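Here is what TrEMBL records for this protein:
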- 1-432: domain 'Major facilitator superfamily (MFS) profile' (DOMAIN)
- 25-43: transmembrane segment (TRANSMEM)
- 55-73: transmembrane segment (TRANSMEM)
- 79-100: transmembrane segment (TRANSMEM)
- 112-133: transmembrane segment (TRANSMEM)
- 139-160: transmembrane segment (TRANSMEM)
- 245-270: transmembrane segment (TRANSMEM)
- 290-312: transmembrane segment (TRANSMEM)
- 319-337: transmembrane segment (TRANSMEM)
- 343-366: transmembrane segment (TRANSMEM)
- 378-398: transmembrane segment (TRANSMEM)
- 410-429: transmembrane segment (TRANSMEM)
Amino acid sequence: MEMMLLSFVGPAIQPEWGLSANQESMISTVAFAGMLVGAYSWGLVSDTYGRKKGFLGSAILTTSAGLLSAIVPNYTLLLILRFLVGIGIGCGHVYSSWFLEFVPTPNRGAWMIVFSTFWTVGTITEASLAWWIMPTYGWRWLLGVSAIPSIMALLFYGLVPESPRYLTTQGRLAEVRQILENGAAANQKELPAGLLVSDHIKIMTYDNEPSESTALLSNGKTSSSQRSSSSVLMLLSPKLIRTTLLLWFLYFANTFAYYGIILLTSQLSAPQSECDTPSLRSENIKDPSLYTNVFITSLAELPGLALAAYILDRVGRKISMEIMLVSGFVLLLPIITHQNEMITTGALFGSRMFISASFIIVCIYAPEVYPTNLRTTGVGIATAIGRVGGMVCPLIAVGMGSGCHQTVPVILFEATILLAALSVVILPVETKGKKLPDTLDLPVQVQ
């Protein structure tokens, strides 16, 4: 919701505050920049201090900055606050990793698709709110109302259990036992008999020598000053470097293509007469067709998600990603040249359906392939690199503004999708049906 509202707020603020086109686009750019910072930062916080600490910090920052955005007096403060909101919602991947650590292996893919569907629910909800609020009450009320989910995250924080997998890697077995007992009671089940133990009492090194920077102490904890450097080193270790680099590109490519298709939709849906002249933004805000187009485009993601949920646990993550990327590539091909409105709309909706599903699958695959003690940091860095794709994307799409030249941008998006499909082929690991790893299997020295 916080990302989707930028589609409506920018055009409304531009005439009210007399902003240039570059100043308007900066409102979205700073949000992506904030998400880049937040994706890495919250991943590190959550692997060091726990998933719940990441949730709490994110909810406080997003709520306060989101509400203050609604009463902001000038452009500069708005940019600062939207940057802070971006940092806050950069924690989204931590929620995915946390949820993943509770889901059983056999139907993990389907449940992660259900979880991820709420991104689409958020876009549809925001389009509906904008349709209702913007024409009558204005953009400030939309910003305020859109902060409600973050407020709810704060209110329900006390009900959120910490991840037992994370606690186990930290040696906090009494807390793990309590969470498991609460879960068993809620499901009217009994825990298996036996003693809960941790096998993470060891020091991990790369060369069979004790290493302070990569030590996992017998109490399961590393100092915060060591965590950042050791996590990056482990992500780029021989066992993970291929997966890590490919995931970085896949996050970049999927983000670049996903937001590119959204921009293509708005650019190519404009009447041909508007290609060479600035649109009347203040009038368009009250045009119901603006909200109708966004609403319908958001709905286009649902069939792709349904297909992904059906095949993900049947054919595996890699084949599912290939199906989505190749389908998106083929459906986008016709609009390399100008087509009539029906073909253009069908191609854009179909490609968004499959590329959004591909994006969801890679966001499921990444936390599955990384071990628990690196999971949110690894996914956080990949997500941050993906946000660079979101920041670069408008620079490509803006080339269509003069005479509706669409060939070069579409070719760039197609090339990116094709390279992403080739990257999936050489991913070394398929995670279908495999248990989540808790630690990286490196040479060890027992303390």
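Note that Cβ sites are derived from N, Cα and C of the backbone, with glycine treated the same way.
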Contact between the transmembrane segment (245-270) and the transmembrane segment (55-73) (3 or more Cβ pairs under 8 Å, separation 6+): no
Non-local residues, at least 6 beyond the ends, that sit with Cβ under 8 Å of the transmembrane segment (343-366): 93, 96, 100, 109, 112-113, 116, 119-120, 247, 250-251, 254-255, 257-258, 261-262, 264-265, 268-269, 296-297, 300-301, 303-305, 307-308, 312, 317-318, 320-321, 323-325, 327-329, 331-335, 378-379, 382, 417, 420, 431
Top Cβ-contact partner of the transmembrane segment (378-398) among 25-43, 55-73, 79-100, 112-133 (pairs under 8 Å): 25-43
Long-range Cβ neighbours of the transmembrane segment (319-337) (under 8 Å; 6 or more residues past either end): 257, 261, 264, 268, 304, 308, 311-312, 343-344, 347-348, 350-355, 357-358, 361-362, 365, 406-407, 410-411, 413-414, 417-418, 420-421, 424-425
Per Cβ pairs under 8 Å, the stretch of 25-43, 79-100, 112-133 packing most closely against the transmembrane segment (55-73): 79-100
Close approaches to the transmembrane segment (79-100) from elsewhere in its chain (Cβ under 8 angstroms; 6 or more beyond its ends): 2-3, 6, 26-27, 30-43, 46, 51, 54-55, 57-63, 65-66, 68-69, 72, 108, 111-112, 115-116, 150, 163, 363-364, 367-368, 375-376, 379-380, 383-384, 387, 436
Beyond the flanks of the transmembrane segment (410-429) by at least 6 residues, Cβ under 8 Å: 242-243, 246, 249-250, 253-254, 256-257, 260-261, 264, 318, 321-322, 325-326, 328-329, 332-333, 335-336, 355, 358, 369, 396
